[in-house]
Amino acid sequence: MAGGSFVDSNGVRHYEGKVTGFVLITCFVAAMGGLLFGYDLGITGGVTSMDPFLIKFFPVVYRQMKGEAESKSQYCKFDNQLLTLFTSSLYLAALIACFFASTTTRMFGRKPSMFIGGLFFLIGALLNGLAINIEMLIIGRILLGFGVGFCNQSVPVYLSEMAPAKIRGALNIGFQMMITIGILIANLINYGTSKHENGWRMSLGIGAVPAILLCIGSLCLDETPNSLIERDQHEKAKEMLKKIRGTENVEEEYQDLVDASEAAKMVDHPWKNIVQPKYRPQLIFCIFIPTFQQLTGINVIMFYAPVLFKILGFGNDASLMSAVITGVVNVVATLVSIFTVDKFGRRVLFLEGGAQMLICQVIIGIMIGLKFGLNGEGSFSKGEADVLLFFICAYVAAFAWSWGPLGWLVPSETCSLEIRPAGQAINVAMNMLFTFIIAQVFLTMLCHLKFGLFFLFAGCVVIMTLFIALLLPETKNVPIEEMNRIWKAHWFWTKIVPDVAATVAPGKKVVP
C-alpha cells in the first residue's frame, strides 16, 4: 500500500495497519470504566426495593409499600422525592464533573481522568456501604457521580482514539459491554444479598471493587497518540502509533494526527468553536443522541427494574430475579452489537432497534393498562407476568444493540480533535442531565400518567428514529481524523457545513 494509506471515492483516507493484541488488551482494560456506571445502574433499584434499607432511610416509602400508610394505587407506592433523590443525585454530580473532566482530559491526558474517576467512585462506594444516615448516603452518591462523570468523559474518547477505524465500533462498544456486565453483576449481587439484614451495605460497598480495578488498570495503560501529540510528546506518539497499528509505516496517519493537533491548538476557545457552522452536525449529535438515549425510557428498566416489577405485582424474589433476567439479555444483546456494528453499520442498528423498542413499548403499555387501568388496582397472573417479562426483555435487547452502545460511540467518533473534549463533555452532560431528570421524575410520572407513561416513551422513540433516518450519515470504517468529510456527502448537512478543500496527496490511490 503506497504511502501507508489510500483515499476512497468519498475523499476519506484509510490507513495501513492491523488489529494488534496490544490494542485489544488496552481497550479491554480502559473499558472497565463502564463497570462503574453499570454497577451503579444495576445496584440502585435492587437496594431501594430491600426492606431493611427502606426501614432505615425511607420509612415512609416502606409504610406505603406495605399498605400501612394512606391508601395508594400500585402506580404510586414508591412515589417519594427523597427516594428518587438518592438515585438521581449521582447523575447531577456526574453532569457537573464532566466539565472539569473535559479540561483534565485535554491538559493531562485520558489516563489521569480515568484514575480520578476510579478514585472518586471508590470513596463514594465505601461511604455508601458504611452510611449511618441519609446525609452520608447522598454525599456518597455525589462522589460516585463525580467518578461516573470523569470515566464517561475519558473512556469513550480513549477507546475511539486507540482503535483502528475498521473495528473502532466494536472496541468502543466495549464500554457499553462493561456497563451491561456491571448491571448484571449488580443484579446478581442484589439477589444474593436481599435476604441479609445488612445486604444493602454489601451491595453498595462492593462497588469499591470495580473502582479499584479501574484505578490499577489506568496506571498500567499507555496514553493515546492523539493525547501525546496534543501535549507535544511527538516521538512517544509516533512509537505508540507503531505499537497499536502493528506496522512501521505510520507516517501518513501520524502526520494527519499532527496536523489535526496543530489545528486544534489554534483554537483558543473550543466551546465557541463547536458552535461554528462547520461543526454544526457534531454539536447536534452531541446534544440530541444522549438526550434521545435517555428518552427511550431504558433507565426506567435499568435502575428501577426491581421496584417496577414489585409495582406490577411480582414478589420480592421474583422482582429481583426478573431484573437478573433482563441483565442477562442486556449483555447478550450488546455482544450482538459488537459483532455487527462494523459489518452492517450504525444506521441499520439504530433503525432496527428503534422499530423494535416502539413495538415493545406499545405492547407493554397496553398490557399494564388493561390489567391495572387508571385506578392502579390489579396484578398479573404467572402466565401474564411471563409475557410481560418477554416484551420487556425484547425492549432491553433492542436498546442494547442500538441506542445503548451507539449513544456513546457516535458522538465520540464524529468529533474532530479540536472539538473532541468539548463535544464529549456536552455528550456526557446531556446524558447525565436527562438521566437525572428521568430518575427524579419517573416514579412521580408513573403515579400520575400511569400506563400512559409507556406510550409517552414510545412517542419519543418514533421521533428519535426519524431523526437518525434523516440526519445521520453512515460512519463505519471512516478514520476518526477523516470524519469531517462525511458531512459534505450528506443531503442535508452539505447545505449547512461550509466547503472544505479536499486534496489527495501525491502517491495516494483513489479507490472507487
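Easy rule for this one: first residue shown is 1, then count along the chain.
Note: Cβ is positioned from N, Cα and C throughout, glycine not excepted.
Look at TrEMBL and you will find 21-39 (among others) tagged as transmembrane segment.
Taken from TrEMBL, the feature domain 'Major facilitator superfamily (MFS) profile' covers 26-476.
Per TrEMBL, the feature transmembrane segment maps to 82-102 (among others). Taking Cβ pairs closer than 8 Å, the transmembrane segment (82-102) reaches residues 40, 44-45, 48, 57-58, 61, 113, 116-117, 120, 134, 137-138, 141-150, 152-154, 303-304, 421-422, 424-425, 428-429, 432-433, 435-437, 439-444 in its own chain, all 6 or more past its ends.
For 114-132 (among others), the entry in TrEMBL reads transmembrane segment.
Positions annotated as transmembrane segment by TrEMBL: 138-159 (among others).
Look at TrEMBL and you will find 171-190 (among others) tagged as transmembrane segment. Listed by sequence, the residues of this chain that lie at least six past the ends of the transmembrane segment (171-190) yet keep a Cβ under 8 A from its Cβ atoms are 23-24, 27-28, 30-43, 46-47, 50, 155-156, 159-160, 162-163, 199, 202-203, 206, 210, 302, 305-306, 320, 323-324, 326-328, 330-331, 334-335, 337-338, 341, 400, 404-405, 408-409, 412-413.
Feature annotation from TrEMBL assigns transmembrane segment to 202-221 (among others).
Annotation source TrEMBL lists transmembrane segment at 283-307 (among others).
Long-range neighbours of the transmembrane segment (319-341) within the same chain, counting only residues 6 or more positions beyond its ends whose Cβ lies under 8 Å from a Cβ of the stretch, are 42, 45-46, 49, 169-170, 173-174, 176-177, 180-181, 183-184, 186-188, 190-191, 194, 301, 305-310, 348-349, 389, 392-393, 396-402, 404-406, 409, 476. TrEMBL lists 319-341 (among others) with the feature transmembrane segment.
The transmembrane segment feature in TrEMBL is assigned to 348-368 (among others). Within the chain carrying the transmembrane segment (348-368), a Cβ under 8 angstroms from the stretch's Cβ atoms is held by residues 296-297, 312, 337, 340-341, 384, 387-388, 391-392, 394-395, 397-399, 401-403, 406, 450-455, 457-458, 461-462, 464-465, 468-469, 472, all 6 or more beyond its ends.
Under the heading transmembrane segment, TrEMBL lists 388-410 (among others).
According to TrEMBL, the transmembrane segment annotation covers 422-445 (among others).
Look at TrEMBL and you will find 451-472 (among others) tagged as transmembrane segment. Long-range contacts of the transmembrane segment (451-472) within its own chain (CB-CB distance under 8 A, at least 6 residues past either end) are made by residues 281, 284-285, 288, 292, 295-297, 300, 346-347, 350-351, 354-355, 357-358, 361-362, 364-366, 368-369, 372, 403, 410, 442, 445, 490, 492-493.
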